[in-house]
Amino acid sequence: MGPPSVAPHGGHRPWQGLLITASLLTFWDLPTTVQFTIEALPSSAAEGKDVLLLACNISETIQAYYWHKGKTAEGSPLIAGYLIDVQVNIPGTAYSGRETIYSNGSLLFQNVTLEDAGSYTLRTINANYDSDQATGQLHVHQNNVPGLPVGDVAGIVTGVLVGVALVAALVCFLLLARTGSIQRDLREQRPPASTPGHGPSHRSAFSAPLPGPRTTTPLYEMSVGHGCSGPAGPKGPRIYPQQHLAELRFRKTQ
């Protein structure tokens, strides 16, 4: 038996081609792992609205989800966890009662506030207990009037305030004018003040002058009948009318 043949140095061996072929087939059969991502729907929510942090490209081998409030899962407070086998949410220290985790790993925020804005991280655990994580952003803005920009809302508010101020000024002007008219009428109706040195007049326009003392003159007067013409009457005093008495006095003076 002769010695085994030895291939020349630098020649091609058949088993080397088999190794290269096996390596290529193994590389092609390896599963490609795609990093999952987090997307907020909507990207910017108003106060009081609901926001869904959607987990995209989640592997089918995931067994548990854990949501943390922060840029990383390490050292950030746990909001809640979800176990796929039992399909139950496990609340954490940062749970507010408004968060819900679904079986696809997405997190629903209900009635968001300005304090909810920030970074949120999802950590996954697969069947081999390997961990992976991704971070998303939650943006929250103040709830403005729907369909109107902030500048238009400010213009409307300013116009309303100016209108209210004008109405208030008009009301004040009318009240002052009415008050001045009332005071002017009162001054016109006030009686004139008495001049110095003269007392107020106590005589009213409706008062009549008091009657002075009167000397009553009887309609008839008793007189002695001597010196009178005419037949003599019975003895004793005679009574003459007043006009006759005047004639008698006139004759007596003559």
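Residue numbering: from 1, along the chain as shown.
Just so you know, glycine gets a Cβ as well, placed from its N, Cα and C.
TrEMBL lists 31-139 with the feature domain 'Ig-like'. Residues or ranges marked as region 'Disordered' by TrEMBL: 186-242. Here TrEMBL flags 1-35 as signal peptide. Residues or ranges marked as transmembrane segment by TrEMBL: 153-177.
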Return the average pLDDT for the domain 'Ig-like' (31-139) as a whole number.
93
How many helix, strand and coil residues does the domain 'Ig-like' (31-139) contain under DSSP?
3 helix, 56 strand, 50 coil
